[in-house]
Amino acid sequence: MKKAILMMTFGSPEEITFEGVADFFTNIRRGVRPQDHEIQTLYDNYVRIGGTPLQKITRQEVTLVEARLGNEYSVYFANKFSSPFIPDVIGQMEADGIEQCICLILEPHYSFYSVMGYEKFLESKQIQFLVIKDWYQEEALLNYWADEIAKILKEEVKQDSFKVIFSAHSVPIFALDFGDPYIDQIFENSKLVAEKLGLSSEQYTNTWQSESDIGIPWIKPDVLEYLREQTEHPDHYIFVPISFISEHIEVLFDNDVECYDLCQEFGVNYHRPPMPNTDSRLIDALVNTVRVNENQEFKEFLPEEETFDELVPSDETKNILAESEDLQMPEFVKKLIEKKGRENVKMPYLIKKMLEKAGKLPKE
């Protein structure tokens with residue numbers, strides 16, 4: 001039986017031009033082109049950081065994993081929102097005769113909002129898939145963060161006052177309402193690293209970053225809001241974007257530009273440990289998580305009738321959403337129902353999955 005590993009990431013613009021960024025942004029918005037001012041802002045951010053190394057770094061990570069596991073698995077790489085796209089790579093895998101595939105998403109934590117979005121592309125009548133849901137507890141990855149933060153504390157902070165700010169990509173607040181494990185995983189991940197460092201609860205905190213302006217509330221506190229709200233600052237802030245593993249715009253701009261600029265304004269020293277990128281400890285974590293999971297059940301992913309963002313649910317789904325107060329239905333869903341009428345509301349795919357997980361909706 002021919003087996004493969006499919007390493008997947010979010011993607012990035014294929015070229016840093018206005019239209020290159022527009023194409024990428026349009027893919028993120030599921031084919032709806034953002035307004036020009038939104039594209040211009042994102043384009044300017046890419047220009048500010050000199051482009052993005054994400055694709056280069058990810059391909060290097062793939063090569064390093066292949067060097068360790070290539071005798072047993074064919075290793076492929078795909079992006080969610082840029083070339084090579086996941087469906088195209090799956091097509092190539094089918095042509096290569098692959099029958100089983102371990103899906104290794106290069107995001108350590110599981111979220112309904114993000115990771116589930118990869119699963120909808122896993123359509124093949126030939127290939128059975130095994131999706132590794134999360135791998136943030138891998139000891140090698142925890143050691144990486146602890147070691148790199150410890151270097152900053154020893155070499156740069158020394159005896160000065162400091163605070164470690166663990167940040168993670170925010171998610172819409174309805175993810176919390178419906179029991180998304182992501183938030184708890186981020187807190188646990190931060191605590192595990194802090195314990196390795198011997199940090200007290202006063203020496204570190206959790207914040208969120210990189211939320212999108214799509215008209216719905218996101219998990220707080222935002223890292224920039226957190227900084228502005230502090231009445232007193234330590235001598236040093238150490239920013240640890242723990243939900244990411246590679247340098248890309250949400251680290252190089254959101255942290256290294258926006259957080260840095262605020263630190264300059266407040267007279268605080270800014271620090272950020274290097275991202276794992278191609279470090280051997282990250283590769284150890286990726287290889288080990290494959291080993292730990294490779295004997296689990298593979299299954300066929302059939303195409304969903306609904307997509308991640310466009311779902312016309314059954315009347316039962318709509319009724320449950322409208323009538324179950326204990327689900328803490330997000331305000332934007334209530335407003336949609338009030339404005340359009342229950343029969344006309346399109347619910348996000350992930351809300352249906354959250355309802356199933358909460359036992360409020362039987363799996364079909």
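Keep in mind that glycine also has a Cβ here, set from the backbone N, Cα and C atoms.
A 10 Å cutoff on Cβ-Cβ distances gives Arg29 (Fe-coproporphyrin III binding site) a total of 15 other Cβ atoms nearby, all chains included. The Fe-coproporphyrin III binding site annotation in Swiss-Prot covers Arg29, Tyr118.
Using a 10 Å radius centred on the Cβ of Glu250 (Fe(2+) binding site) and all shown protein chains, the other Cβ atoms total 19. Annotation source Swiss-Prot lists Fe(2+) binding site at His169, Glu250.
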Taking every protein chain shown into account, which of the binding-site residues Tyr118, His169 has the largest tally of Cβ atoms within 10 Å of its Cβ?
His169
